[in-house]
């Protein structure tokens, strides 16, 4: 398979994962959170009683429009989650490609 | 939702420990930049970018591992298998930084902690296991898949052990003893690692089937093709 085709296929798959498949992801706390929640009772992701490590956790320092993989100014939560995933993928692709390109570019001089 | 963030959230591990690991992470990432640059071919850049975006997407896909517990891919083993441990650790670092700065996923003050665990420890532990396993396993699709699966499990458990160490140094146990917490973290992450192993083995063998030259862990060799298999 040509590199270009592999790349395009990969980008499409990744966008589908982040923009669509992610909507069906488990909403249960992940491995780390669930252990840190031991001792607490939760309802809909909010701590409602008991004592556990995560109670000490403060709010995120920045938060921001995309906090928790949603879009805060969109009323439609599903659309927000889907768009946040797609924006995240495009942004990650751009930042990573730019960063690695800068790294590789510096090396080219040594070869020349 | 806001109470539950993935990755290490704000104030779970104290300031001095977080700072120490931020320094450690900076040194490790700096070393990765130097080493990755040496082998970074310009043609590899778009694929390294794609691998990073794929890890971002995969980290959103929490899969259930128990009744009310989920897990998600960390991606260290995947990145290391495809791109080598140095570049692989940089991919995961980019993901963690974007998550912390834009998606409120993982505290900014915990960046060093999270980078050390999920980027550095996971990538290098994963890569080490793949290389060791490929010494004894046959270089077939199944051999590679088994090596990557084992590497994924080890990488996730090793990353969670990093958290256990950080919590031992700078966490405050509430509601459970340190021993209980450590056992629960490691045990849960064996299950997360199995999920990670299935996904990662699938992804890496898929790439190896079409472009074995893009699987760093194979080091330029092709997979042996059993007579009946047509890929």
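Think of each number as a place in line: the chain as shown, counted from 1.
Each Cβ is built from the backbone N, Cα and C atoms, and glycine gets one as well.
Any TrEMBL annotation is an automated prediction that lacks curation.
Residues annotated as transmembrane segment in TrEMBL: B:12-32 (among others).
Taken from TrEMBL, the feature transmembrane segment covers B:44-65 (among others).
Long-range contacts of the transmembrane segment (B:77-103) within the same chain: residues 6-7, 28-29, 31-33, 35-36, 39-40, 44, 47-48, 51-52, 54-56, 58-59, 110-111, 114-115, 118-120, 122-124, 126-128, 130, 148, 151-152, 155-156, 196-197, 199-200, 203-204, 207, 214-217, each at least 6 residues beyond the stretch ends and with a Cβ under 8 Å from a Cβ of the stretch. Positions annotated as transmembrane segment by TrEMBL: B:77-103 (among others).
Among the features that TrEMBL reports, transmembrane segment is placed at B:115-134 (among others).
Same-chain neighbours of the transmembrane segment (B:146-169): 8, 12-13, 17, 20-21, 74, 76-78, 80-81, 113, 116-118, 121-123, 125-130, 133-134, 137, 178, 181-182, 185-186, 188-190, 192-194, 196-201, 204-205, 217, counting only residues six or more beyond its ends whose CB sits under 8 Å from a CB of the stretch. What TrEMBL records for B:146-169 (among others) is transmembrane segment.
As annotated by TrEMBL, transmembrane segment applies to B:181-210 (among others).
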Recorded stretch that, among B:12-32, B:44-65, B:181-210, has the most CB pairs under 8 Å to the transmembrane segment (B:115-134): B:12-32
